[in-house]
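Since the structure comes first, as structure tokens, the remarks are kept for the end.
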Amino acid sequence: MRLLALFAFAVAVVSAQRNQMCQQPRTQGSCDASNQITKFFYTGSGCTSAPVCSDTDGGYGTEDECIQACTVQGGHHNEGAGEEGCSGDPPRGDCGGQVEERYYFDSTTRTCQTFEYRGCSSGNPDNSYETEIECEIACPSASS
């Protein structure tokens, strides 16, 4: 059981790091063309390439890496995303567990909203995201 908990924690840490990198703005840096490389950046609607200085942090080496890390198609975000993950009531529950602030996609306002999660599901478990950024990536119409 401890091994499973450790694995889940490791996955959560990697996911959080990936989300942060997806949201980093592209920085050009200052270098001549001979020191530039192409990296891929998430733009909110997909991954696009851009020339950057070779020592620039952020971005992905390939379009596939960017897609895997930053889009629903890459499987990084809630697998129920799309119509199922971006609709219905969030899983508020009332199990008496510790209250945790999470985000869900409100299909009426087409925005990501907060809700109090209490450790069990009484709504759509796919419409629950740990961060607002994760919700906006999974439900693109939230950020447009």
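Backbone N, Cα and C define each Cβ position, glycine as well.
Residue density at Cys22 (disulfide bond): 23 other Cβ atoms are found within 10 A of its Cβ, drawing on all protein chains shown. DSSP classifies Cys22 (disulfide bond) as helix under the three-state reduction. Taken from Swiss-Prot, the feature disulfide bond applies to Cys22-Cys70 (among others).
For Cys53 (disulfide bond), the Cβ neighbour count at a 10 Å cut-off comes to 15, with all displayed protein chains included. As annotated by Swiss-Prot, disulfide bond applies to Cys31-Cys53 (among others).
According to Swiss-Prot, the disulfide bond annotation covers Cys47-Cys66 (among others), on the basis of a curator's inference. The secondary structure of Cys66 (disulfide bond), as reduced to three states from DSSP, is helical. A C-beta separation below 8 Å, combined with a sequence spacing of at least six in one chain, links Cys66 (disulfide bond) to Cys22, Phe40, Phe41, Tyr42, Cys47, Gly59, Tyr60.
Classification of Cys86 (disulfide bond) by DSSP places it in coil, neither helical nor stranded. Look at Swiss-Prot and you will find Cys86-Cys139 (among others) tagged as disulfide bond.
Taking the Cβ of Cys95 (disulfide bond) as centre and 10 Å as the limit, one finds 11 other Cβ atoms among all the protein chains shown. The annotation disulfide bond is assigned in Swiss-Prot to Cys95-Cys120 (among others) on the grounds of sequence analysis.
Sequence annotations record features per position, and here Swiss-Prot assigns disulfide bond to Cys112-Cys135 (among others) based on sequence analysis.
Summarising the annotation, Swiss-Prot assigns domain 'BPTI/Kunitz inhibitor 1' to 18-73. For the domain 'BPTI/Kunitz inhibitor 1' (18-73), the model's pLDDT averages out at 77.
The feature domain 'BPTI/Kunitz inhibitor' is assigned by Swiss-Prot to 86-139.
If you look up Swiss-Prot, you'll see Gln17 marked as pyrrolidone carboxylic acid.
If you look up Swiss-Prot, you'll see 74-85 marked as region 'Linker'.
Summarising the annotation, Swiss-Prot assigns signal peptide to 1-16.
The Cβ neighbour count for Cys139 (disulfide bond), using a 10 Å radius over every protein chain in view, is 28. The distance from the Cα of Cys53 (disulfide bond) to the Cα of Cys95 (disulfide bond) comes to 51 Å.
Within 10 Å of Cys112 (disulfide bond), counting CA to CA, the disulfide-bonded residues Cys31, Cys86, Cys139 contribute Cys86, Cys139. Cα of Cys135 (disulfide bond) to Cα of Cys95 (disulfide bond): a distance of 24 Å.
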